[in-house]
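Enquirer: Pasting a structure below so you can have a look.
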Amino acid sequence: MRHLLSTQDLGRADAVRILDTAAQMAATQSREIKKLPTLRGRTVVNLFYEDSTRTRISFETAAKRLSADVINFSAKGSSVSKGESLKDTALTLQAMGADAVVVRHQASGAPHLLAHAGWLDAAVVNAGDGMHQHPTQALLDAYTLRRHLSGTGLTAPGASGPDDAAARGAGLDGRHVAIVGDVLHSRVARSNVHLLHTLGAHVTLVAPPTLLPVGVQTWPCEVSYDLDATLAGDTANGGPDAVMMLRVQRERMSGSGAGGGAFFPNPLEYSRKYGLDARRLGLLAEHAIVMHPGPMNRGLEISAQAADSPRAVIVEQVANGVAVRMAVLYLLLAGSDETDVAPASAAQPVPAVERVPAS
Amino acid sequence: MSSAATTTYVLRGARPLGGEPVDLVLSGGVIAEIAPVGAARAGSEGDGTVVVDATGLVALPGLVDLHTHLREPGREDAETIGSGTRAAAAGGFTAVHAMANTTPVADTAGVVEQVWRLGRDAGWVDVHPVGAVSVGLAGQQLAELGAMADSAARVRVFSDDGKCVDDPILMRRALEYVKAFDGVVAQHAQEPRLTEGAQMNEGVVSAELGLAGWPAVAEEAIIARDVLLAEHVGSRLHVCHLSTAGSVEIVRWAKGRGIDVTAEVTPHHLVLTDDLARGYDPTFKVNPPLRTAEDVEAVREGLADGTIDIVATDHAPHAREDKDCEWAAAAFGMTGLETALSVVQQTMVDTGRLTWADVARVLSSAPARIGRIDAGEHAQGRPLEVGEPANVTLVDPAARRVVDGAGQATASTNTPFQGRELPGAVVATFLRGRATVLDGAPVPAGADARGVRA
């Protein structure tokens with residue numbers, strides 16, 4: 001793996017390998033000293049053209065836990081605000097010897113351009129580009145799903161706890177995930193549909209037709225306009241094992257401006273038809289979990305009862321984000337093409353010396 | 001210019017419109033003689049005559065582009081009238097219509113006369129400025145259409161190209177007004193609300209790439225409205241760079257109904273699809289966007305059956321920095337003057353859908369007629385007959401070449417055919433008997449044009 005740009009680029013073996021590595025990384029995070037020396041001497045640049053405090057902090061934490069030097073580059077107040085092009089910024093980072101560039105950009109395809117334009121030798125990690133992809137979000141979602149849903153049994157949140165050892169090497173075969181809300185503008189949905197399909201899960205997208213992209217029928221998933229029917233299991237895949245609520249992007253919902261606006265009549269109607277509230281929570285199976293990439297609009301796409309219920313794994317998603325991003329950075333910068341670059345079990349230490357990346 | 005203009009050229013063995021070989025004699029600015037091969041009466045070398053071995057070459061009337069962006073005035077870093085018209089000559093053109101979206105906008109008699117004079121002075125092709133429909137392309141107020149028509153540039157084509165005249169009242173008034181001087185409104189059909197923020201064709205690929213989609217209906221809705229407006233007021237409408245199967249159907253319906261509508265397709269919409277956006281290479285970002293394979297097939301069919309009247313390049317040069325960036329930030333547009341004829345040969349001639357006579361129609365006589373430059377002292381698009389202006393393009397249909405943007409005559413390099421092998425090559429172009437291209441190389445005005453193709 002040279003870059004991480006899209007979940008469509010990940011085969012099942014790659015995805016499982018990242019999740020297994022993340023599990024090992026997560027195990028180290030319960031130690032008194034969480035820091036590993038693995039990426040000592042490497043430089044990771046967080047190149048953020050778009051505000052995203054939680055994603056940036058998650059990547060920064062991941063890189064620092066691996067002992068990398070981290071440079072945070074925000075477009076605001078930087079040379080970018082003075083008109084510098086992406087190309088010139090990339091050439092600057094190249095000159096400064098960045099080993100990895102974590103890029104968040106409002107333009108779909110910007111990470112692809114950075115990875116392939118020849119401006120930069122560094123590994124490029126897509127931390128969210130426009131409406132296109134957010135692969136580490138999908139990976140942390142899959143990781144969270146796997147902890148709760150893989151293996152022989154289904155682990156209800158708050159029960160005996162997820163079993164990471166049982167999940168090792170597993171996918172999400174046969175599980176059913178409903179992704180609900182603004183699919184049209186969601187890089188999270190785009191990333192998740194492909195990754196979950198790769199891992200063997202069934203996906204149902206639930207949204208009003210105005211919030212589904214033209215061409216969605218070609219995606220590897222089902223589509224429903226009826227959230228109640230999906231939650232009640234009135235589909236070929238039965239009821240969902242997980243419900244992933246998407247944020248309604250209020251800035252896109254006005255009646256004018258870019259995007260055309262007016263995707264639904266008003267927030268109340270949206271909430272009634274597509275919001276996850278206590279009643280709908282009751283339709284879910286015992287073991288089913290509730291997810292949300294955050295930040296949440298409480299009272300719009302998700303009620304407080306749903307967000308704070310024992311089924312919700314939203315905070316756990318955030319924690320898992322650090323482990324997944326550690327795994328990605330580790331595999332890009334220190335891993336090799338061998339399958340056993342990471343320790344076989346969480347009880348073993350993660351490699352303590354730098355590794356030379358495969359040429 | 002004068003020395004070359006007095007040269008007599010004998011195009012030995014040329015095949016007019018792909019027909020039987022003849023000698024074409026160009027003298028005194030006209031086609032002076034058409035004779036059996038070797039029988040031309042014109043003098044031999046040494047008495048001011050240049051003999052061009054045109055064996056196997058197809059002779060076409062000089063090509064006419066109804067849709068070129070020359071960028072001057074205002075963006076001379078992307079193209080100048082000099083570089084753009086030299087590229088036109090290299091592509092076999094003898095006349096181009098220069099679009100109005102310059103800086104300042106060509107919305108006054110003064111600006112269109114400036115463009116016209118710079119074109120005349122450059123000497124590569126006839127430059128016919130297109131006048132803006134509305135002041136500043138703002139879609140609010142009619143530009144001085146009459147003054148532009150009466151100017152030295154004698155403007156007959158009006159367009160806000162790059163922007164759609166979306167206000168139906170303004171469009172109606174423009175259609176009505178240009179009837180006074182037999183003008184035509186060339187519409188960039190793009191419903192603005194349906195395309196807010198649009199980056200590429202709306203469909204499977206845009207959904208995958210997360211780029212805001214540009215639905216076909218945004219083009220089709222405007223064309224449908226405009227053909228009905230043109231019928232209502234009895235005026236001429238021209239549809240710029242039509243790109244969807246639905247648009248072809250609407251124009252076909254309108255023509256069947258007797259509405260005076262003409263339409264153009266670009267070379268790139270004849271061959272490229274939106275799949276090319278998958279690499280996020282802004283070279284393939286264009287307005288209207290590249291569509292699907294089904295749309296490509298429909299526009300080819302429309303061109304073959306005459307629903308689409310002409311091929312127009314929509315040559316849109318850009319400075320490198322305007323394309324060397326993120327897709328969303330990149331400018332729309334591709335160059336096209338130097339590859340148009342090859343793409344038409346590849347997609348329409350080599351596939352048996354058009355003959356070379358048809359090519360002469362869609363790339364010369366029809367655009368000249370639509371632009372009303374097919375008569376008078378500087379008539380273009382005329383038949384290859386004795387006494388007609390000696391505007392001639394010689395094409396080697398057997399040649400093949402790999403496109404190299406850096407090696408082209410245009411000042412910009414944003415060709416979507418970079419690295420592709422295309423058939424056909426323009427060997428020579430003559431503008432009223434003067435060689436502007438010989439042996440594939442541009443010949444500046446005033447240069448000694450005694451090159452002889454071996």
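Each Cβ is built from the backbone N, Cα and C atoms, and glycine gets one as well.
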Enquirer: Among B:D150, B:D161, B:D274, B:D275, which residue shares the Zn(2+) 2 site with B:H188, B:H241 according to TrEMBL?
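Expert: TrEMBL names B:D161 for this Zn(2+) 2 site.
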Enquirer: May I ask you to find which of B:D309, B:D314, B:D322 TrEMBL records for the Zn(2+) 1 site already listed with B:H67, B:H69, B:D161?
Expert: B:D314
Enquirer: Around the Cβ of B:N287 (substrate binding site), how many other Cβ atoms lie within 10 Å? Please give the count over every shown protein chain.
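Expert: Around B:N287 (substrate binding site), other Cβ atoms within 10 Å: 22.
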Enquirer: Can you give me the residues near the recorded Zn(2+) 2 site, meaning same chain, not B:D161, B:H188, B:H241 themselves, Cβ no more than 8 Å from the center of the site's Cβ atoms?
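Expert: Going along the sequence, the neighbours appear as B:H67, B:M99, B:S159, B:G162, B:A186, B:Q187, B:A189, B:Q190, B:C240, B:N287, B:P288, B:D314.
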Enquirer: Taking the domain 'Dihydroorotase catalytic' (B:58-244) alone, what is its mean pLDDT?
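Expert: Here the mean pLDDT over the domain 'Dihydroorotase catalytic' (B:58-244) amounts to 97.
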Enquirer: Given a separation of at least six residues and a C-beta threshold under 8 Å, show me what packs close to B:R71 (substrate binding site) in the same chain.
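Expert: Set apart from B:R71 (substrate binding site) by at least 6 residues yet with Cβ under 8 Å, we have B:A78, B:E79, B:T80, B:G84, B:T102, B:P317.
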Enquirer: With B:H188 (Zn(2+) 2 binding site) as the reference Cα, tell me which of the binding-site residues B:H67, B:H318, B:G333 is the closest one.
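Expert: Of all the candidates listed, B:H67 is nearest in space.
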Enquirer: List nothing but the one residue from B:H69, B:H241, B:H318 whose Cβ has the fewest other Cβ atoms within 10 Å; the candidates are the binding-site residues.
Expert: B:H241
Enquirer: Look at the binding-site residues B:H67, B:H188 and tell me which residue has the greatest number of other C-beta atoms within 10 angstroms of its C-beta.
Expert: B:H67
Enquirer: Among the binding-site residues listed here (B:H67, B:H69, B:D161, B:H241), which has the Cα closest to the Cα of B:H318 (substrate binding site)?
Expert: B:H69
